[in-house]
Structures are given as C-alpha cells and as structure tokens.
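A.B. asks: The following block contains the structure, expressed as structure tokens.
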Amino acid sequence: MAERPEDLNLPNAVITRIIKEALPDGVSISKEARSAISRAASVFVLYATSCANNFAMKGKRKTLNASDVLSAMEEMEFQRFITPLKEALEAYRREQKGKKEASEQKKKDKDKKPDSEEQDRSREEENDEDEERLEEEEQNEEEEVDN
Amino acid sequence: MGLQGDRQPAANSRGSEKMADGAVGKDKCGEPRLVSLPLSRIRVIMKSSPEVSSINQEALVLTAKATELFVQYLATYSYRHGSGKEKKALTYSDLANTAEESETFQFLADILPKKILASKYLKMLKEKREDDEANDDESDNDEAES
C-alpha cells in the first residue's frame, strides 16, 4: 500500500491512556507490551473492516455501515462489545441530531424572517426535546412583530 | 485526501472532519468525547483494506469505539491470565500467551509470537536433530511415517 508505516499505527499516548484506565491502579506496562497492544489494535481494525465488508457485500452495498460493524463483532466472537457499541451509536446519533438542529436554529436566527411553514414542518419532525426551542422561536417572533 | 495530511497530530482536525475527529479530552460543551482514538487515523487503516470502497461515518465511529473496547479487553484479559499479577505488571509475554492460548485472540498469534532465548532455541534444534537421527536408525525396522 502507499501508506507510510506510521500511518497505520494508532497514537501511543491514547493507547497508553486506554490501557491505564482499564487496568487496576499501580500496574505498570512495559514499553514492549504497549507497542504490542498498539499493533494488535491496528490488526483488529483491519480484521473488523474486512469482516464488516463481507456483510456489506452480502447486502450488495459498497458503503460500510453501522450494522455491518455490529455483525462483524458477532462474527469475530466479540459479542461483549455489542451492547456498549449500540449505546455509543445511540449517543452519537443524538449528538448529530442536536448539532444539526443547532445549526438550523442559527440559520433561522440569521434570516430573521418568520418562516412559519418551515417551522410547522420541523415541528412534526422534532421530538420532545425541541418543544423548548419552539417556545424560544415563538418568543423571537413576538419580539420581531413588536419591532 | 492526501497522505501528508495524516502526518499531522491526532488532535488536529481537517475541515471536512471537524465534527468527526475524536480528539482526546472534552469537546466544547465539556462532555467527555464518545471516542478517544482519532477517527482520521482509524479511517486510514480501514481504507488500506483492498476491497473496501467507502465507509459511512457511523461505521467509522463504531469501529473506533470497538477498537478502544478491544484494547481494554486485551489488556485486562492478559493481565488477569498472566504471570505478571504478582509483579503488578503487564508484560509482552502476557500478551503473547493470550494470543496463543485464547481462541478469541488467536488472530493475533502471528504478530505476537512467543519469545524464547536463543540458547533455548538452539538446544531445541539440536534435540530435534538427534531425534531425527534416531528415527532414521529405526526406519529399517519400522514403516516410514510420512
């Protein structure tokens, strides 16, 4: 491959931190052990990717998705990872949704035009968390009308 | 995406990946990040796999997270099963033993070979040679095993 060797390694500092947090306090890790775990992690990524890719191909898809990765974990006999991974996925999706809404809100503030149609549509799509934000929008509308 | 880009430190974020970079530490809101390993680097490793065309962002995040879980698991498993427990240390040989003895970690056997002293290895070679010679002597009487 054209990648340089160091590009296929993961940063030492992060790997070390993950190891230290997993082991009991006061346990030392030899440099050799650390380096070995880092290499093992890279191999794990390759193995997981290859396995996930098989699932994608079975589904006639060219893009690896989340369920391919989860299926790969099952296949590789790392079932213990599946629950924490699903939780992480949920958290990630919530985070992405929050960011998307935050940037849409910023756009609306910038426009300063009450676009009631858009708001009605987004009201249907949003969930409970967003009712608070809608109240804010209505307040803004009122302020603009006053002006 | 040029290869030079990957020489930058992990905490750096390129424009297109600014939401995706799992840098160490906390994000703007002070929340602990979902993932500590840098997504850009994980992506490079994944893309080095020949059959892979593209990777959806969620798959990238999950792979990074799975890798962290893997590092934790490998470290704790090796420590628990290793001889280093009395020494309160995790050594290379703990890891090599894990790769050899645990089915789950067998895929690591080639990259984490067990180490032996050169003198021990030479002794093993010598003993094998002596065994082979002894077998040759007997082969006139016994059927050859192949």
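Cβ coordinates come from backbone N, Cα and C, glycine included.
TrEMBL entries are annotated by machine, without manual review.
Checked TrEMBL, it gives:
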REGION    B:1-27  region 'Disordered'
COMPBIAS  B:15-27  compositional bias 'Basic and acidic residues'
DOMAIN    B:36-96  domain 'Transcription factor CBF/NF-Y/archaeal histone'
REGION    B:127-146  region 'Disordered'
COMPBIAS  B:132-146  compositional bias 'Acidic residues'
A.B. asks: Any idea what the model's mean pLDDT is for the domain 'Transcription factor CBF/NF-Y/archaeal histone' (B:36-96)?
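C.D. replies: In the predicted model, the domain 'Transcription factor CBF/NF-Y/archaeal histone' (B:36-96) has a mean pLDDT of 92.
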A.B. asks: Based on DSSP, tally up the residues of the domain 'Transcription factor CBF/NF-Y/archaeal histone' (B:36-96) by helix, strand and coil.
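C.D. replies: Counting residues per DSSP class in the domain 'Transcription factor CBF/NF-Y/archaeal histone' (B:36-96), I get 42 helix, 4 strand, 15 coil.
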